[in-house]
Structures are given as structure tokens and as C-alpha cells.
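J.: One structure is given below, represented as C-alpha cells, and several questions about it will come after.
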Amino acid sequence: MRKPIIAGNWKMFKTVSEATAFFADVKGKAEVDGVETVICAPFTTLPALVEAAKGTSIAIGAQNVHFEDNGAFTGEISGVMLKDLGVQYVIIGHSERRAYFAESDEIVNKKVHAAFKHGLTPIVCVGEKLEEREAEQTKSVCKVQTEAAFQGLSAAQAAEVVVAYEPIWAIGTGKSSTSADAEDVIAFIRDVIAGLYDAATANAVRIQYGGSVKPNNVSEYLGQSNIDGALVGGASLEPASFIALVEGAK
Ligand SMILES: O=C(CO)COP(=O)(O)O
């Protein structure tokens, strides 16, 4: 059985004091039996959050990682550094990184390998743009992105990947995909992974939906047989809302 996973993606929000105040508010409450809770926070807040999360069941994640271990890459953070902090997860290939920071499928794949090299669990984002959806290219886009992200991974590694299907037109717009639509695409992504490996591996991979997930719609997504969690932006920023998201995943 796949354990549901709710991950907050704070994006470029929260100072250290805001992050620690948030954590104090959700501690104990965003910890629910049978649900995995992850907070993916800005780099600057990670040391304080990892410290605050000690002894809790909440895992801390980063939102990006460089694919090299170290070197002349001004402004970048490596897997070595994240592992050293005690970070457990890392978001890779978020559509905002693909769109604003020119992350290609090849770079995404290198980052996925870097995550595994350093014992970090990658949350790999895939998803189509509005014009791709309108041109009925949703599945072909997701197939290309998924196959590229998994390239060179062993079946054992593949089974550990968390995939987040985030249709770009649904991010921060309030326009969420219907749960049936999301289920259809996510089942397709699972088939793509089965094609790369086998059914057992594909059935082990957790696939989240992301894009305007809120406390009032999270259980509808999680009720779909192939949807194993949610990657949440805006609604993960307020403690009460974040707790309700985790509760809704039970
Ligand atoms: O991009 C997202 C999570 O990674 C989704 O953001 P919203 O939940 O704000 O739509």
C-alpha cells in the first residue's frame, strides 16, 4: 500500500522566524497516522526547520538542488549540503523552475540522480501548459517529462521517487483539474513508469496531484485510486489550512 503524502511547497515565502512560528503551530497537529507530512521550504529556513522537526514525524524538504556536489556555481546549493543539514526531500523540476530558470528535462534528470546520490527523496514535478492541454498534448508532455526524469534510475530507485503531476494552468490560479481528470493523467503516468520498469515498480511509486489543492478539495483527489497525495502551494502557508490538508488525506 502506498502511504499518502502531503507536501507543502512554500515557494519564496517565509523568513526564519515565520517558518519556526508556523512549525510550532502545526507540530503534533499536522502529524496524522497513515499520512506522511513534508514541508518544502526556502533554503534559508531549512536549518531551523530541521531542528524544530526533530522528534516529530514531519519531514523537511528543499525546493531545488544543484546536480554537482560542489564547485564554481555561484548561488547554488548541492545535495551534499542538503544532506548535511538533515533535509530528507527535494522538489525537482517544478514548473516555475522549468519556466523561469530554464530547467530542461536533462537537468531535471541530473538533479534526480544527485538526490539519490545523497540519500534525498526527489519529488519530481511534471505537467502540461494550458496551450498543450488545449492541443490535447497533456499525456504526451507528461510521458516525455516522466521518461526523461527516470532515465538511468534502477527499479529500486524508481520505486522511491515521488511524482507530482501539476498542470501548469492550475497552479496558483484557483482553477484546479477535476479529480477525474487528474486521476486519468496520473493513472497514465503510472502506466508510463510500468512501461519503463514493471507493474510492481509502478505500483510502488507515489504520485501526487498539485494545482490549487485546498482543504475543501484535498479528500476528493486523495479518494482517487491512483492519487497518493498532494503538492500544495498557497494553501500550505497558513497553519490551520496546512493541518486541514493533512487531516483531509486520512
Ligand atoms: O505549484 C504548486 C505546488 O508546487 C501548486 O501551487 P498552488 O497550490 O498555490 O496552486
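Heads up, the Cβ atoms here are built off N, Cα and C, so glycines get one too.
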J.: In TrEMBL, N9, W10, K11, G172, G233, G234 are given as binding substrate, so which of S57, S140, S212 is in that site too?
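T.: My reading of TrEMBL gives S212 as the candidate in that site.
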J.: Which whole-number value in Å describes the distance between the Cα atoms of G172 (substrate binding site) and E166 (active site, proton acceptor)?
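T.: Cα to Cα, G172 (substrate binding site) and E166 (active site, proton acceptor) are separated by 11 Å.
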J.: At the Cα level, what's the spacing in Å between H94 (active site, electrophile) and N9 (substrate binding site), rounded?
T.: 10
J.: Which entry in the list of binding-site residues, G172, G233, G234, has its Cβ near the fewest other Cβ atoms, using 10 Å as the limit?
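T.: Per-residue Cβ counts within 10 Å for the binding-site residues G172, G233, G234 bottom out at G172.
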J.: Within the same chain, and leaving aside N9, W10, K11, G172, S212, G233, G234, name every residue whose CB is within 8 angstroms of the centroid of the CB atoms belonging to the recorded substrate site, in sequence order.
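T.: Residues close to the substrate site, other than N9, W10, K11, G172, S212, G233, G234: I171, V232, A235, S236, L237.
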